[in-house]
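Colleague: Structure incoming, see below.
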Amino acid sequence: MSTLNTTASLHANKPSLHKTLFATCIGNALEWFDIAVYGFFASYIAHAFFPTRDPSVSILLTFGSFGVSFLIRPLGAIVLGNYADRHGRKKALLLSINLMMLGGAVITFMPGYDSIGLMAPVLILLARLVQGFSAGGEFGSSTAFLVEHFPERKAFIASWQFATQGASTLMASAFGLGLTKILTESEIQDWGWRIPFAFGLLIGPLGIYIRRHVHEPASFATHQPDVAPLKRLFGRQKELMLLAIGLMVISTAVNYMLNYVPTYATRNLHLPGSVAFTATLMAGVILTVVTPVMGLWAERIGRVPLMWGSLILLIVTIYPAFKLVVSHTTPITLVALVCWMALLKSIYFSTVPSVMADLFPMGTRASGMAISYNIAVTVFGGFAPLICSLLITATGTSLAPGYYLMAMSVLSGLALLRSQKRVK
């Protein structure tokens with residue numbers, strides 16, 4: 001009787017679709033806004049915290065700190081994902097957003113190398129590690145929260161996880177474009193780059209408030225938690241994690257390539273920063289608008305056809321697209337390349353969260369999704385800017401990022417081939 005009463009009470013208190021979306025996606029948006037801003041303003045951060053005589057070394061150190069923060073994400077996924085599966089999605093979501101704000105505050109207000117010396121880069125690195133740890137548990141907990149509240153709309157509602165990443169890219173690009181238009185180069189270098197980080201701090205308290213006032217999904221609240229979800233994951237469900245990692249590979253690789261665009265465009269293509277930010281701004285619009293539309297379409301025609309279509313187009317077109325930009329470098333060709341990548345990414349992105357949720361049972365869903373997602377992001381995404389910078393240096397060609405994306409597309413295609421029969 002008590003179980004029936006609990007279930008009825010939870011259904012009565014079930015939040016609206018819009019409230020649930022906002023509560024979960026705001027943390028994802030905050031995470032990706034900080035990531036995008038850090039990538040977009042890498043050259044200014046390098047000057048403030050990693051000054052060297054060689055600008056190339058400063059950039060590599062900055063992207064190294066960008067990538068190192070991703071090394072801790074799998075640990076955050078293990079700890080926070082396990083916490084979500086054992087103690088509840090809501091508690092894990094509140095913990096992750098508080099940790100994100102802590103790291104963001106340190107980056108916003110940290111004095112530069114000129115003021116406190118080596119303490120500046122060390123503390124910036126620690127702040128990035130805190131953010132990486134918190135981000136490690138965000139995707140798994142929030143996606144599980146969404147699909148368990150609205151299983152009948154899982155393709156559409158889960159697509160908003162990545163639509164908010166597009167919105168974050170859009171906001172970060174808008175800041176980049178606006179600051180380059182309003183402030184001088186020296187003003188941005190001295191203090192202007194901190195403005196978008198400060199803006200990110202304003203989002204956090206609203207997210208905390210909303211997350212405090214939502215309820216656990218009824219299906220999870222009445223579910224007997226698995227006492228050892230990690231043991232089950234790394235035992236019987238290892239193949240599921242490998243498939244989920246493979247599905248995420250191209251998704252995260254394209255995502256971080258878009259964060260790398262401002263540096264790639266200015267340093268390798270010698271285009272103005274305003275052009276690069278315009279391109280990423282348009283990419284943000286495409287990601288924000290197209291991703292949920294594709295999520296709706298996936299509910300009608302199925303998710304697998306959309307995934308195959310976008311993967312095949314990426315494999316076939318990405319090298320010619322990069323070759324066009326390198327051989328005919330203009331603002332138009334750069335914008336076209338970025339928008340094409342964003343469009344194909346939106347189609348594939350819209351399906352991945354709900355497909356990953358289908359792979360794992362409820363007892364290990366948050367842990368399984370979090371660990372798989374963050375291993376993929378760490379290995380194939382977080383270090384993508386650094387890998388591409390090194391590839392360009394080693395090969396002497398600006399086409400190297402195209403080779404990288406083609407290889408990642410093939411890996412995701414192999415994972416999709418193995419997992420498509422499991423998609424409900």
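Note that Cβ sites are derived from N, Cα and C of the backbone, with glycine treated the same way.
Below, the features straight out of TrEMBL:
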DOMAIN    20-424  domain 'Major facilitator superfamily (MFS) profile'
TRANSMEM  21-45  transmembrane segment
TRANSMEM  57-80  transmembrane segment
TRANSMEM  92-110  transmembrane segment
TRANSMEM  191-210  transmembrane segment
TRANSMEM  240-258  transmembrane segment
TRANSMEM  270-294  transmembrane segment
TRANSMEM  306-326  transmembrane segment
TRANSMEM  332-350  transmembrane segment
TRANSMEM  371-392  transmembrane segment
TRANSMEM  398-417  transmembrane segment
Colleague: Do at least three C-beta pairs under 8 angstroms join the transmembrane segment (371-392) to the transmembrane segment (270-294), pairs 6 or more apart in sequence?
Modeller: no
Colleague: Where, among 21-45, 270-294, 332-350, do we find the most CB pairs under 8 A to the transmembrane segment (191-210)?
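Modeller: Against the transmembrane segment (191-210), the leading stretch is 21-45.
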Colleague: Sequence gap of 6 or more, Cβ distance under 8 Å, 3 or more pairs: do the transmembrane segment (92-110) and the transmembrane segment (240-258) meet that?
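Modeller: No, the transmembrane segment (92-110) does not contact the transmembrane segment (240-258).
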Colleague: Report, as numbers and ranges, every residue of the chain located at least six residues beyond the transmembrane segment (240-258) whose Cβ falls under 8 Å of a Cβ in that stretch; write 'none' if there are none.
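Modeller: Cβ under 8 Å, 6 or more out: 39, 162, 165, 169, 233, 280, 283, 311, 314, 338, 341-342, 344-345, 348-349, 352, 355-356, 359-360, 368-369, 371-373, 375-377, 380-382, 384-385, 388, 401, 404-405, 408-409, 411-412, 414-416, 418-419, 422.
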Colleague: Give the one range among 270-294, 306-326, 332-350 whose Cβ atoms make the most pairs under 8 Å with those of the transmembrane segment (398-417).
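Modeller: Comparing 270-294, 306-326, 332-350 against the transmembrane segment (398-417), the winner is 306-326.
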Colleague: With pairs closer than 6 in sequence left out, are the transmembrane segment (21-45) and the transmembrane segment (332-350) joined by 3 or more CB pairs under 8 Å?
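Modeller: Since fewer than 3 Cβ pairs under 8 Å link them, the transmembrane segment (332-350) and the transmembrane segment (21-45) do not come into contact.
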